[in-house]
Amino acid sequence: MMKHHQPQLCERVSALHRTGHGARKSLQKDFSPSSTAFKKSGSLSEQTELSSLSDLLLALQDELGQMSFEHQELVHQIDATQHREQKQDLQRELERLVARMEEKGVQITKLRKHQQTVHKLTQSQTCAEEHTSKQLSGIKPPVPSLVKAKQRGKKGGTTHNNLQLLRETQKFRNSLKQDDLSWET
(Lines of atoms letter the chains of each structure in order from A and count residues from 1; the text may use other names and numbers.)
(Lines give C-alpha, C1' and ligand atoms only; values in the text may rest on other atoms or scores of the structure.)
Protein backbone atom coordinates (compact mmCIF):
# COMPACT_ATOMS: atom_id res chain seq x y z
CA MET A 1 0.00 0.00 0.00
CA MET A 2 3.06 2.21 -0.25
CA LYS A 3 2.31 5.10 -2.57
CA HIS A 4 5.87 5.73 -3.69
CA HIS A 5 8.25 3.08 -4.96
CA GLN A 6 11.70 3.20 -3.39
CA PRO A 7 14.21 1.20 -5.45
CA GLN A 8 16.98 1.37 -2.83
CA LEU A 9 14.68 -0.20 -0.23
CA CYS A 10 13.62 -2.97 -2.60
CA GLU A 11 17.25 -3.66 -3.53
CA ARG A 12 18.28 -3.87 0.14
CA VAL A 13 15.48 -6.25 1.09
CA SER A 14 15.97 -8.46 -1.98
CA ALA A 15 19.72 -8.56 -1.29
CA LEU A 16 19.02 -9.74 2.25
CA HIS A 17 16.73 -12.47 0.95
CA ARG A 18 19.31 -13.56 -1.65
CA THR A 19 22.03 -13.93 0.96
CA GLY A 20 19.73 -16.03 3.12
CA HIS A 21 19.68 -13.63 6.06
CA GLY A 22 15.97 -12.79 6.18
CA ALA A 23 14.57 -11.80 9.57
CA ARG A 24 12.63 -14.99 10.19
CA LYS A 25 15.45 -17.28 9.10
CA SER A 26 17.97 -15.30 11.11
CA LEU A 27 15.84 -15.36 14.26
CA GLN A 28 15.14 -19.09 13.92
CA LYS A 29 18.81 -19.85 13.40
CA ASP A 30 20.00 -17.72 16.32
CA PHE A 31 17.48 -19.04 18.83
CA SER A 32 17.99 -22.70 17.93
CA PRO A 33 20.04 -24.94 20.27
CA SER A 34 22.98 -24.70 17.87
CA SER A 35 23.11 -20.92 18.14
CA THR A 36 26.31 -18.92 18.55
CA ALA A 37 26.08 -19.34 22.33
CA PHE A 38 26.79 -23.04 21.99
CA LYS A 39 29.40 -23.15 19.25
CA LYS A 40 32.53 -21.31 18.28
CA SER A 41 32.37 -19.40 15.04
CA GLY A 42 34.84 -17.18 13.29
CA SER A 43 34.78 -13.45 13.88
CA LEU A 44 34.17 -12.88 10.15
CA SER A 45 30.85 -14.74 10.22
CA GLU A 46 29.85 -12.91 13.43
CA GLN A 47 30.58 -9.57 11.77
CA THR A 48 28.59 -10.65 8.72
CA GLU A 49 25.66 -11.62 10.95
CA LEU A 50 25.72 -8.29 12.78
CA SER A 51 26.06 -6.46 9.47
CA SER A 52 23.06 -8.32 8.04
CA LEU A 53 21.01 -7.50 11.13
CA SER A 54 22.02 -3.84 10.83
CA ASP A 55 21.02 -3.80 7.16
CA LEU A 56 17.67 -5.37 7.98
CA LEU A 57 17.14 -2.90 10.81
CA LEU A 58 17.86 0.00 8.46
CA ALA A 59 15.40 -1.39 5.91
CA LEU A 60 12.67 -1.68 8.57
CA GLN A 61 13.38 1.85 9.79
CA ASP A 62 13.16 3.13 6.20
CA GLU A 63 9.78 1.43 5.83
CA LEU A 64 8.60 3.02 9.08
CA GLY A 65 9.80 6.41 7.83
CA GLN A 66 7.86 5.93 4.60
CA MET A 67 4.77 4.99 6.60
CA SER A 68 5.22 8.12 8.69
CA PHE A 69 5.30 10.19 5.50
CA GLU A 70 2.12 8.44 4.31
CA HIS A 71 0.55 9.19 7.71
CA GLN A 72 1.24 12.91 7.26
CA GLU A 73 -0.21 12.84 3.74
CA LEU A 74 -3.38 11.10 4.94
CA VAL A 75 -3.84 13.60 7.76
CA HIS A 76 -3.54 16.47 5.26
CA GLN A 77 -6.01 14.75 2.93
CA ILE A 78 -8.47 14.24 5.78
CA ASP A 79 -8.19 17.90 6.75
CA ALA A 80 -8.68 19.03 3.14
CA THR A 81 -11.62 16.72 2.38
CA GLN A 82 -15.10 18.18 2.70
CA HIS A 83 -17.18 15.05 2.00
CA ARG A 84 -18.05 13.02 5.06
CA GLU A 85 -17.83 9.61 3.33
CA GLN A 86 -14.39 10.34 1.92
CA LYS A 87 -13.22 11.53 5.33
CA GLN A 88 -14.44 8.30 6.92
CA ASP A 89 -12.69 6.22 4.25
CA LEU A 90 -9.47 8.17 4.77
CA GLN A 91 -9.78 7.80 8.55
CA ARG A 92 -10.19 4.02 8.21
CA GLU A 93 -7.15 3.93 5.95
CA LEU A 94 -5.27 6.02 8.52
CA GLU A 95 -6.22 3.58 11.28
CA ARG A 96 -4.95 0.66 9.20
CA LEU A 97 -1.73 2.56 8.56
CA VAL A 98 -1.27 3.27 12.28
CA ALA A 99 -1.77 -0.44 13.01
CA ARG A 100 0.88 -1.32 10.41
CA MET A 101 3.21 1.31 11.92
CA GLU A 102 2.74 -0.25 15.36
CA GLU A 103 3.54 -3.70 13.95
CA LYS A 104 6.64 -2.29 12.25
CA GLY A 105 7.68 -0.69 15.55
CA VAL A 106 7.33 -4.05 17.30
CA GLN A 107 9.43 -5.69 14.57
CA ILE A 108 12.12 -3.03 14.95
CA THR A 109 12.14 -3.45 18.73
CA LYS A 110 12.45 -7.24 18.46
CA LEU A 111 15.22 -6.94 15.91
CA ARG A 112 17.14 -4.46 18.09
CA LYS A 113 16.86 -6.80 21.07
CA HIS A 114 18.03 -9.70 18.94
CA GLN A 115 20.91 -7.63 17.59
CA GLN A 116 21.94 -6.72 21.14
CA THR A 117 21.72 -10.39 22.15
CA VAL A 118 23.95 -11.44 19.26
CA HIS A 119 26.37 -8.64 20.10
CA LYS A 120 26.45 -9.66 23.78
CA LEU A 121 27.01 -13.31 22.86
CA THR A 122 29.91 -12.48 20.55
CA GLN A 123 31.30 -10.08 23.13
CA SER A 124 31.04 -12.67 25.92
CA GLN A 125 32.77 -15.26 23.73
CA THR A 126 35.68 -12.91 23.04
CA CYS A 127 35.79 -11.91 26.73
CA ALA A 128 35.89 -15.57 27.76
CA GLU A 129 38.73 -16.22 25.33
CA GLU A 130 40.62 -13.14 26.56
CA HIS A 131 39.98 -14.13 30.17
CA THR A 132 41.40 -17.59 29.55
CA SER A 133 44.49 -16.20 27.86
CA LYS A 134 44.98 -13.50 30.53
CA GLN A 135 44.43 -16.02 33.31
CA LEU A 136 47.30 -18.01 31.91
CA SER A 137 49.46 -14.88 31.85
CA GLY A 138 48.31 -13.64 35.30
CA ILE A 139 46.66 -10.35 34.16
CA LYS A 140 43.26 -9.47 35.69
CA PRO A 141 40.52 -8.00 33.42
CA PRO A 142 38.91 -4.65 34.35
CA VAL A 143 35.52 -4.60 36.10
CA PRO A 144 32.64 -3.84 33.67
CA SER A 145 31.06 -0.39 34.01
CA LEU A 146 27.41 -0.05 35.05
CA VAL A 147 27.09 3.27 33.19
CA LYS A 148 27.24 1.60 29.77
CA ALA A 149 24.53 -0.91 30.74
CA LYS A 150 22.16 1.87 31.82
CA GLN A 151 22.68 3.82 28.58
CA ARG A 152 21.90 0.78 26.44
CA GLY A 153 18.61 0.17 28.22
CA LYS A 154 17.20 3.60 27.29
CA LYS A 155 17.54 3.27 23.50
CA GLY A 156 14.76 0.70 22.92
CA GLY A 157 12.12 2.66 24.84
CA THR A 158 12.30 5.68 22.53
CA THR A 159 10.49 3.96 19.67
CA HIS A 160 7.81 2.66 22.03
CA ASN A 161 7.32 6.13 23.55
CA ASN A 162 7.04 7.70 20.09
CA LEU A 163 4.43 5.15 19.01
CA GLN A 164 2.49 5.67 22.24
CA LEU A 165 2.51 9.44 21.67
CA LEU A 166 1.34 8.92 18.08
CA ARG A 167 -1.54 6.71 19.25
CA GLU A 168 -2.64 9.17 21.93
CA THR A 169 -2.47 12.08 19.50
CA GLN A 170 -4.50 10.13 16.95
CA LYS A 171 -7.17 9.23 19.52
CA PHE A 172 -7.38 12.83 20.67
CA ARG A 173 -7.63 14.12 17.11
CA ASN A 174 -10.35 11.59 16.23
CA SER A 175 -12.34 12.46 19.34
CA LEU A 176 -12.22 16.13 18.38
CA LYS A 177 -13.40 15.36 14.85
CA GLN A 178 -16.17 13.06 16.08
CA ASP A 179 -17.53 15.70 18.42
CA ASP A 180 -17.57 18.19 15.54
CA LEU A 181 -16.33 20.99 17.72
CA SER A 182 -16.23 24.38 16.16
CA TRP A 183 -14.14 27.17 17.52
CA GLU A 184 -15.47 30.71 17.54
CA THR A 185 -13.06 33.36 16.36
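The backbone N, Cα and C atoms fix where each Cβ goes, glycine too.
What TrEMBL says about this protein:
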type: REGION; residues: 20-43; note: region 'Disordered'
type: COMPBIAS; residues: 29-38; note: compositional bias 'Polar residues'
type: DOMAIN; residues: 46-114; note: domain 'Cep57 centrosome microtubule-binding'
type: COILED; residues: 80-107; note: coiled coil
type: REGION; residues: 123-171; note: region 'Disordered'
Tertiary contacts of the coiled coil (80-107) (same chain, 6+ residues out, Cβ under 8 Å):
1, 23, 60, 63-64, 67-68, 70-71, 74, 159-160, 162-163, 166-167, 170, 174, 177
Which value does the mean pLDDT take for the coiled coil (80-107) in this predicted structure?
93
